[in-house]
Each structure stands twice: as structure tokens, then as C-alpha cells.
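Here is what Swiss-Prot says about this protein:
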- 22-192: domain 'EngB-type G' (DOMAIN)
- 30-37, 57-61, 75-78, 142-145, 172-174: GTP binding site (BINDING)
- Ser37, Thr59: Mg(2+) binding site (BINDING)
Amino acid sequence: MNITSADFFCSYSSLNGLPSDGRPEIVFVGRSNVGKSSLLNSLCARKGLAKTSSTPGKTRLINYFLINENLYFVDLPGYGYAKVGHGERESWGKLLTDYVVKRDEIALVVLLVDARHPGMGSDREMMEFLDYCGRPFGIVLTKWDKLKQAEKSKARRTIESCASNARFIVNYSSLSGAGRDKLLERLDLFSQ
């Protein structure tokens, strides 16, 4: 896939009013502060396309980005962040699960996993949930550049052992762009 245009489309706080134009949706999901917004900026080669923050839980809405005028990248709120109120955390969780369960336009879910902490319970639960919903998913190990070589091998083995149903696993560094071409190649298979 060659991304020639990437623009913020709209944010939604509920499933009401989501686009109904039939474009496929590639959805990015993961724990809070896993690097979803940074990955989107890197993937689209557009710094500032998706708002980033060092504060976990910054993405609180469903954010749509129109890619090449023919599909959407969708940034969902992160899960697993403990420092927001219980009610707000439940609200994000309901928004995320309702979207994944009910949205017919989803072509692929891309689960971002912090390479420094592969195999966390919440990530495993998300994989099980995606399997249960029958959603095809791939995994991106983010922050790959932060690992030493021995840690990279261990992280890869760990995620492979718990992600047998993933369509792909890509190692990614938003900082250097390592893994970008491979991920775009994988996403292209689901962009039609």
C-alpha cells in the first residue's frame, strides 16, 4: 500500500453517526500509551495527523482518518489505563467493545502490543475477544527500537506463543520507521 493522502476525518463519542459510505475500516487498538497515535503518524508519514501525548488515555474518542480517499484508519481509545475514573474506564471499554462487535465495515483489527511487555493479560484478553467476534487481526509490536537484541528474540517468541490466530506479526518502531513497509504490505491485503 502506498499512502498518498491521509486526513483527519472525524471523531465520535458513540456509535451514532459513524460513516456509512461503505469504505473498509482498518482499526488500531491497544493498551493506553502503546503508541497508536505515533504509529498512525509514522505509517501515514504525517507528523501531527493523530494527536500524541506522553500521558496515557489521551485518545478518548473513536477517531477516523481517511486514507487515499478509499478507506479509513480508525484509532480507538486505549484500554487498561488505571488512572482515570472507574466510570470513564467502563465507558471507554463499552465504546471499544460495542464498536468491534457491531461495526460491519471492519476489514481488519491491528492490535498494538508494547514489545517491552508482550503477553500481558489485557492484550491476551483482546486477542480472545477478537477471535470470539470473528474479527481478523494482526499484531504490531511497538517500541521495537527500545529493546536489546536478546530482548527482541524473547519478545517475539512470547507474542508468537499467545497469538496463533494473528494474520501477521510486525515489529515496528515509530521513531525510525522500521517495519513500516512490511506493515503497509500487510494492510494492503485488507484495504479493498
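The backbone N, Cα and C atoms fix where each Cβ goes, glycine too.
Positions of the features from Swiss-Prot, shown on the structure.
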{"residue": "Gly30", "record": "GTP binding site", "DSSP class": "strand"}
{"residue": "Lys36", "record": "GTP binding site", "DSSP class": "helix"}
{"residue": "Leu61", "record": "GTP binding site", "DSSP class": "coil"}
{"residue": "Pro77", "record": "GTP binding site", "DSSP class": "coil"}
{"residue": "Lys143", "record": "GTP binding site", "DSSP class": "coil"}
{"residue": "Tyr172", "record": "GTP binding site", "DSSP class": "coil"}
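Confidence over the domain 'EngB-type G' (22-192), given as mean pLDDT on the 0 to 100 scale, stands at 88. Cα of Ser37 (Mg(2+) binding site) to Cα of Tyr172 (GTP binding site): a distance of 13 Å. Non-local neighbourhood of Gly30 (GTP binding site): Lys36, Gly78, Tyr79, Leu111, Leu112, Val113, Asp114, Asp123, Met126, Thr142, each in the same chain, at least six residues away, with C-beta under 8 Å from its C-beta. If you draw a 10 Å sphere around the CB of Lys36 (GTP binding site), it holds 27 other CB atoms from the protein chains shown. A sphere of 10 angstroms centred on the C-beta of Lys143 (GTP binding site) encloses 23 other C-beta atoms. Other Cβ atoms within 10 Å of the Cβ of Leu61 (GTP binding site) number 15 in total over all chains.
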